[in-house]
Amino acid sequence: MTGHAPLVGVIGGSGLYKLEGIEPVESLNIDTPWGRPSSPITLFKLPSGPVVAFLARHGVSHQFTPSEVPSRANIAALKKIGCQVIIAFSAVGSLREEIKPRDIVVPSQIIDRTKSVRPCTFFEGLGVVGHAMFGEPFDTELTGLVTKSIKEAVTGFEMNDRIGVHAEKVAICMEGPAFSTRAESNMYRMFGGDIINMSVLPEAKLAREAELSYALIAQITDYDAWRESEEPVTVAEVMATIAANVSVSNRLTLTILDEVHNAVAKGQLKTCKGTMEYSVMTKKEMISEESKKTLSFILPYFS
C-alpha cells in the first residue's frame, strides 16, 4: 500500500459498488485469517486530498447473499490497512409511514432477527472468550456527526432532490434472502422497528470487536410488506429507487467522507481503540500462540 493509510473505510451495499466522481488510486487484495474480503479494497482520493478505503459488501457482481457475506474478512481487512472508522451503506425497507422511500436513516439501535448461520465473532474456534460491549451498537459520536453532515448537505439540494433525514431509529436485521411476509413485517413494527435490512449484523458486532467506530447510513427503498394497500416489496422496486437516488447518494457520500476524515484526523472523534483489551475473559497465558497470532491481526495487544 502506497501513501498514507486510510482512516475511513466505506462498505457499500446494494447498488453502491464503487465511489463515483473521485479518483481510484490503488486496489488491494488482503488475505486475513478469516479469508478474503467480498471484494478488493479500492483506495480513493477525495478532492480535498485524503484517501479513503472502499469495499463492496456483496461483491462487485453482487454474488454474495446476506448470509454469505464474509463479514469477518471485510472488517479485519479494513482494520489491517489502518481504518479507524467505518461508514456502511445499506438499502433498507421502511416500517413507518413517515419514513419514505428515498429518505435516509442513521439508526441508533438494532434488533437481531438473524438465525445464527453467520459467523458473528472473531473469537470463535480459538479457545478465547471475549464479550464486546454492545448496548450502543453504533458509535454515538460518529452517528451524530454523520447525521449533522447529511442534514446540512440536504438543505443545499434542489427541491426535487430533497430527502428526509431521520436519526435515533431502530433497525431490524433479518436473515433473508427472501423478503418479509406481511405478518413478519407487522411483527417487526410491534417490536419497535423503524427500518429493516439484512446486512447490519454481524457487521456492527465485528466492527466493535475490532475496535472500529461504525455507523450505518440506511437508504430507504420501499415500505417492506406491512402496507395492505400495496404489493409487497420486490427487487425491481428496490433497484428502481436506488437508481433514482444515485446522484443524491454520491453527493452526500463525498460530503460525509470529508467531514468524518477531518474529525478523525484532528482527534475530534473518540475512537474505539482499546475498548476490547479488558473484554477478554480468557487468561492471556492460557491462549495458544496460534490464537494470539490470529487475533493480533485485528487487536495488536495479542502480539
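Even glycines carry a Cβ here, placed using N, Cα and C.
Going through SER14, SER149, SER229, SER249 against Swiss-Prot, the one listed in the phosphate site together with ARG57, HIS58, SER90, ALA91, SER199 turns out to be SER14. Taking the mean position of the Cβ atoms of SER14, ARG57, HIS58, SER90, ALA91, SER199 as the phosphate site, the remaining residues of that chain whose Cβ falls within 8 Å of it are GLY12, GLY13, GLY15, LEU16, PRO66, PHE89, ASN197, MET198. SER180 (site 'Important for substrate specificity') sits 17 Å from SER14 (phosphate binding site), taking the Cα positions as reference. The two recorded residues MET198 (substrate binding site) and SER90 (phosphate binding site) have their Cα atoms spaced 9 Å from each other. Looking at ASP224 (substrate binding site) and SER90 (phosphate binding site), their Cα atoms lie 14 Å from each other.
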